[in-house]
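For reference, the structure discussed in these notes is given below.
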Amino acid sequence: MASYKIFLLPGDGIGPEVTAEVEKVAKVLSDARVATFEFEKGLVGGAAYDAHGKAIGEDDMARAQAADAVLLAAVGGPKWANVPYDVRPEAGLLRLRKDLGLFANLRPAVCYPALADASALKREIVEGLDIMIVRELTGGVYFGEPKEIIDLGNGQKRAIDTQVYDTFEIERIAKVAFELARKRSNKVTSSEKHNVMKSGVLWKEVVAEVHAKSYADVKLEHMLADALGMQLVRWPKQFDVIVTDNLFGDMLSDVASMLTGSLGMLPSASLGEADAEGKRKAMYEPVHGSAPDIAGKGIANPIAMIGSFGMALRYSFGLGHAADMIEKAIADVLAAGLRTADIKGDATQTISTSAMGDAVAASLQKTL
Ligand code: NAD
């Protein structure tokens with residue numbers, strides 16, 4: 001039986017509560033002899049700052065590099081609002097992304113039928129929705145230089161951010177999107193603003209070249225980012241895989257997250273370059289933050305965290321079937337009417353974080 005080393009970073013706020021539920025699900029898979037998972041725990045964010053004054057320590061960075069996958073919950077909270085900028089909790093997250101070279105951020109937006117009424121949109125628009133947003137994560141305007149505020153000396157200042165993309169950065173993210181589409185509904189929508197941005201012109205050109213060269217079997221469409229934002233709320237089910245840059249991806253994936261009802265439901269994956277054996281550095285984390293408003297109350301929804309573990313099975317360990325079974329277990333638990341407070345809807349009762357984890361684990365055990 002294969003064994004995988006997972007570096008677990010519970011982080012802050014509700015992090016430790018939701019990661020505990022992942023360990024229950026992993027145990028069910030080990031007991032069923034699907035695979036074994038060795039969890040090694042580290043510190044990131046405010047928890048790391050409290051322990052040693054850094055947002056992540058060197059030992060933990062080394063363990064992240066050596067693991068088969070990193071599983072992180074969330075960082076941050078009001079307690080660390082005034083710590084120095086370079087050791088703020090988010091710095092730990094950014095260091096992990098940068099040092100592991102995680103250039104591809106995968107954010108699925110799936111609307112479980114049982115939760116369709118929790119969406120801000122009408123049931124028929126979102127029920128059964130299953131799209132994947134692939135956001136470029138290490139380039140573009142968040143990192144481009146120059147990035148500065150200049151004092152013009154006449155009472156005016158000038159702020160500059162620079163949007164930069166090189167061919168290789170667009171090629172590699174396009175490949176990730178096309179490969180994913182082949183395993184899904186075989187369609188990629190590439191999004192930029194080629195009508196007003198040079199980086200958009202190059203983005204469109206390179207994606208089209210990668211498509212023609214290696215992925216002509218996948219349907220490709222190009223859509224301007226503003227039009228895509230509109231289409232996402234008009235008729236999101238027209239999309240399968242959406243690939244876009246760092247800035248547009250940041251916004252469009254947040255829009256997509258609202259289609260599905262609750263932040264507590266959404267997992268994500270961040271992947272690096274494949275090595276010679278096709279293995280990628282990878283970090284899996286829920287989309288939500290550390291939710292300080294509900295931390296310690298035992299009411300957080302652990303599904304996004306469990307779903308992130310499911311993505312690790314699919315994208316890092318080649319255990320797609322087990323990942324499908326986890327998703328089915330989640331869907332079954334929701335269909336049976338079990339709800340944490342954030343997805344309560346019309347339900348009369350809610351259950352705790354731990355009871356939701358137990359229910360998903362039990363449902364998985366039955367399915368296996
Ligand atoms: P948040 O995602 O933590 O919370 C937003 C709202 O959603 C809150 O009302 C919260 O209670 C609720 N919520 C979030 N996850 C939930 C879950 N699993 N179950 C039930 N309800 C849930 O965002 P925020 O309040 O803007 O940020 C709080 C802290 O988290 C800040 O310090 C922020 O910087 C940090 N943050 C971290 C990450 C990350 O680690 N990747 C992402 C976003 C925000």
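One-based numbering along the chain as shown.
Glycine is treated like the rest: Cβ placed from N, Cα and C.
According to TrEMBL, the protein has these features:
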DOMAIN    5-360  domain 'Isopropylmalate dehydrogenase-like'
BINDING   77-90, 289-301  NAD(+) binding site
BINDING   Arg97, Arg107, Arg135, Asp226  substrate binding site
SITE      Tyr142  site 'Important for catalysis'
SITE      Lys193  site 'Important for catalysis'
BINDING   Asp226, Asp250, Asp254  Mg(2+) binding site
Listed recorded positions are Arg97, Tyr142, Ala291; which sit with C-beta under 6 angstroms of ligand 1? Ala291
For the recorded Mg(2+) site formed by Asp226, Asp250, Asp254, name the remaining residues of the chain with Cβ within 8 Å of the site's Cβ center, in chain order. Ala225, Gly229, Leu247, Phe248, Gly249, Met251, Leu252, Ser253, Val255
Binding-site residues listed as Ala81, Ala291, Ala295, least Cβ neighbours within 10 Å: Ala81
Looking at the recorded positions listed here (Ala81, Tyr85, Tyr142, Lys193, Asp226), whose Cα lies nearest to that of Asp254 (Mg(2+) binding site)? Asp226
Nearest-integer angstrom distance between the alpha carbons (Cα) of Pro89 (NAD(+) binding site) and Tyr142 (site 'Important for catalysis'): 18
Please classify the secondary structure at Lys193 (site 'Important for catalysis') using three-state DSSP. coil
Roughly how many Å lie between the Cα atoms of Arg97 (substrate binding site) and Tyr142 (site 'Important for catalysis'), rounded to a whole value? 13
Nearest to Asp226 (substrate binding site) by Cα, among Tyr85, Tyr142, Lys193 (recorded positions)? Lys193
Long-range Cβ list for Ile299 (NAD(+) binding site), cut-off under 8 Å, min separation 6+ in sequence, same chain only, gives Thr340, Ala341, Thr350, Ser352, Thr353
On average, what pLDDT score does this prediction assign to the domain 'Isopropylmalate dehydrogenase-like' (5-360)? 95
In whole Å, how far does the CA atom of Tyr142 (site 'Important for catalysis') lie from that of Arg135 (substrate binding site)? 13
Going by Cα-Cα distance, which of the binding-site residues (Gly77, Arg107, Arg135, Ala291) sits nearest to Asp250 (Mg(2+) binding site)? Arg135
In whole Å, how far is Arg107 (substrate binding site) from Ala291 (NAD(+) binding site) when you measure between their Cα atoms? 19
For the binding-site residues listed (Asp226, Asp250, Asp254), most other Cβ atoms within 10 Å of the Cβ sits at Asp250
Test of understanding: give the count of other CB atoms lying within 10 angstroms of the CB of Tyr85 (NAD(+) binding site). 7
